[in-house]
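**Q** This is the structure I have questions about; it appears just below.
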Amino acid sequence: MFDKSAKMEVKTSLLDNMIGVGDMVLLEPLSEDSFLENLRKRFDHNEIYTYIGSVVISMNPYRSLPIYTPEKVEEYRNRNFYELSPHIYALADEAYRSLRDQDKDQCILITGESGAGKTEASKLVMSYVAAVCGKGQEVNKVKEQLLQSNPVLEAFGNAKTVRNDNSSRFGKYMDIEFDFKGDPLGGVISNYLLEKSRVVKQPRGERNFHVFYQLLSGASDDMLKKLKLNRDFSKYNYLSLDSAVVNGLDDAASFRTVKNAMQIVGFMEDEVQSVLELVAAVLKLGNIEFKPESRCNGADESRVKDKNDLKEMCELLGIEQTVLERAFSYRTVEAKSEKVSTTLNVAQAYYARDALAKNLYSRLFSWLVTRINESIKAQTKTRHKVMGVLDIYGFEIFEDNSFEQFIINYCNEKLQQIFIELTLREEQEEYVREGIEWTNIEYFNNAIICDLIENNQNGIMAMLDEECLRPGTVTDETFLDKLNTICAEHQHFESRLSKNSKFLNDHSLPHSCFRIQHYAGKVLYCVEGFVDKNNDLLYRDLSQAMFKANHSLMKQLFPDGNPAKVNLKRPPTAGFQFKASVGTLMKNLQTKNPNYIRCIKPNDKKAAHIFTESLVCHQVRYLGLMENVRVRRAGYAFRQVYGPCLERYKMLCKRTWPHWRGPAREGVEVLMADLQVPTEEFSYGRSKIFIRNPRTLFFLEERRRQCLQDLATLIQKIYRGWKCRTHFLLLKKSQIVVAAWYRRYTQQKKYQKIKSATTVVQSYTRGWQARKLLRELKHQKRCEEAATTIAAYWHGAQVRREYRKFFRANAGKKIYNFTIQRIMQKYFLGLRKTLPSMSPIDKSWPARPYRFLDAAHTELRTIFHLWRCKKYRSQFTEEKKAVYEEKLEASELFKDKKSLYPSSVSQPFKGDYLEISKNPKYHKLNSCVEEKVLLADVVNKINRANGKGASRILLLTKKNVLLADQKTGQVKASVALPDLASVSVSTQNDGFFALKLREGSASAVKGDFLLSSEHLIETITKLHHIGSTASDDGVRLNIDITDEFLVQFKQDKVCVKFIQGAPKNGNGASCKRKNNRLLEVSVPATA
């Protein structure tokens, strides 16, 4: 019975809404042009993934697409491979579920040329597996370590090339280990053939490895100082300058990412520092230059030019400078018990320097891989399920192909060989599993090419190793001669110098090159550098010098430099090592179920929306994609489980539509018989139906599309009928509702109208009744009031008649007195409410209401003013009272007499303007005065000779007036107050005053004093007040206010005359001597 769960499982299919053909196996007709056109059509619609059976073709879009979201991960999770449109997640999910549920070890092989997106594809596979596997603190830690190993390896193993800004320059194979639940436990990484020649030289337009630029851009100034580095790229010979900065790459941010990733993976701080020191040492090593020096025997010898970089490198690695310098100048050759030391010329020294740089960096990279493996390896020793991810360089055909391209293409030949073998094996196993007869498939077997390269006796790699090991003169030309001798007759080997005469006139084949016809096409290899690169020699002197270093990593990186373990055998060649690594990899892959991702780059410009057909065609050829399609189509092109097949096509047969009640296989048999599909076009397996030709599948799809259109038309017809009936019933129901509401509305309006009319009639009736009642009540009230008035008048007449005789004699006087009392009472109460403010200067007073109150009104005003003045005075303190007394005295003296007085009224009398008791400047002067100082101010003493003033300090006490020098504080004159006869001032707006002394007094010897003060009013007032008090006879001090007065200067009397005029200096008054008897003071006119 076909259960319901199977029906619900398949909701969509690869064939639904298909742009082009989602699976190239179904492409009809199959040709290279139709293959490329299908890729172009899908690429133009952002469909970058296409299937070839279970193989995924991935086109690099060179931009971000919204197809890697968490929602997409959930969409492809636990879904059949062909259930949704092609995606890398579908392959990752299929591999993960096979590993978890069927206990099959998996491997995912990602191939393609540089820039095709292999590294990103491997990241997507790992991120998907990390997203769908289990959760937990320990599991999450393992997943994070596995994912964070990528940034570290990319920094040290990736570089910018002309084809790719983040090109992997090494092959990487990672085994991810899982437990029985499918949770990751750890992993193991293997690396293959790091392109270490890039360390010392990069092609034009390319960069060195990322880590060099990241270190110089992102490290702090302190770190660069410790590493003895400069941030300027141009300072280092090993760094290419024409492509040092790459658009879209932030080296500083990447450096922080790499350091964080190393911490997550498990690197200690000292290990990170040691790694960076080695990177810095490689940069310093590239700056070491040599100069020739001739010895006495005529031999050429090399010497280091500038030893500063050598010194800094030795400090970084902890090597004695002399040891390394000698290793660059001499080479020691050991043969049994003999040692021969030879000098190195400049070219050999540069070769030794570059060899050391390459070896140091490549060994550091291998140590990094080993260190990462120690951190991410599984901790348990139980059997693990394994998923391998291989991200390795694709087939390379450049203008100049050398040793690196040769071994890379050899690796791809081996991968193609295992790909064909595993694909055929997978097909054969499925046929056997389903009970379908297997037919042999003809295909190109590239084993002959692999044998040409790897044969242990006559293979190219074996002959290269033989040339490197044989004594005598060995050059690239001798190696090519050997190839021409042994491989001349091989059908996939071509050379102009071989015995095969058909290549003698082939001018596309230079004499120093040979050509191999790989499965992906012919590749021309230049033999220059083959022998040196295969030897990969590092002089023993250099390895021993490195071993002597005190650096923590150097003994691990250069164990061959240990003098105690000297091995006189030549180390294995680079080709031999790589061949062994590839052999190990092939054995590993053959034990796992393969899954393939073929990466293609659409253009060389690294730009989106550009599809270069020639470039894509070249990649399709060397990836063998057409061969892959032919292998998959050699038997049956399409196969599908019975349940989903019946669910998809059941509407094509009346017996299976809409529900089939029997087994799914019987339903498919009934369906195919009803459709009259020829029996040779399909076969029935145990769980699947196999369709031989894509035309048959497209026939089924076309019939299904037509049937779906008919079903859609039927559904539309039924739906439209239902919709019209529903609409009619709704209209009918609405009409009934509307009619009911309308009738209700009309009845409500009619009722409201009747109710309104009734209310109006009622209101008119009630109003008439109320007005009638009101008239009656008013008439009754007027009658009562009239009766009351008449009674009052009658009673009054009676009372007056009775009491007239008692009041007739004194009635007028009493009424008058009562009226006067009432008027006075009203007057006083009104006055109480309208009294003016308590300010003594407030002159307002309420107006009198009656004329006869004139005298009382004036007297009350005087009494009130005296009373509020008394209240105001009672608030004064003794100090304030003294101030006001002085102000009053000043008013009496100067008001309307001197023009300066009005401006002084608002100024308070301060007295001690110099604060003589507090100011330390006048401490000496203050100690000379025994009494309290009442006034201290600066005045000008007028000289009678020229009328100019000299600053003096005026001190006033209760008994004396003192004049002192302002600068020294020395007392110049002291006048007792009783000796003071009078004070003369002018009427003008000036500060001049004259102190006139009594004749015959002790103070009158030098004559009178003519002074000028800014506080004239206060000074004269205090003199007048204190002078009157200090007088023995009680006579007040006389104040003369006149514009002309005499001043006694010793024996002469001088007239001081005040006139109005323009001042000469500023705005103040000025004094000028006119003659021996006249001083003239010019005072500015007041406005």
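Including glycine, each Cβ sits where the backbone N, Cα and C put it.
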**Q** Pick from 582-604, 766-788, 1019-1041: which range does TrEMBL record as region 'Actin-binding'?
**A** 582-604
**Q** Averaging the per-residue pLDDT over the region 'Actin-binding' (582-604), what integer do you get?
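**A** Looking only at the region 'Actin-binding' (582-604), pLDDT averages out to 86.
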**Q** An 8 Å radius from the center of the G112, E113, S114, G115, A116, G117, K118, T119 Cβ atoms defines the neighbourhood of the ATP site; name the other residues of that chain inside it, in order.
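**A** Apart from G112, E113, S114, G115, A116, G117, K118, T119, the close residues are N60, N164, S167, S168, G394, C599, K601.
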**Q** Could you list the residues of the same chain, at least six apart in sequence, whose Cβ is under 8 A from the Cβ of A116 (ATP binding site)?
**A** S58, N60, G394, C599, I600, K601, Q619
**Q** Restricting to the same chain and to sequence separations of six or more, state which residues have a Cβ under 8 Å from that of G115 (ATP binding site).
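**A** The list for G115 (ATP binding site) reads N60, T161, R163, N164, S167, K601, D604, K606, given in order along the sequence.
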**Q** Would you mind checking how many other C-beta atoms are within 10 angstroms of the C-beta on T119 (ATP binding site)?
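**A** The answer is 22.
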**Q** Does anything in the same chain, at least 6 positions from G112 (ATP binding site), have a Cβ under 8 Å from its Cβ, and if so what?
**A** S58, K118, G394, R598, C599, I600, K601, Q619, L623
**Q** Please determine which of the binding-site residues listed here (E113, S114) has the lowest count of neighbouring CB atoms within 10 Å.
**A** S114
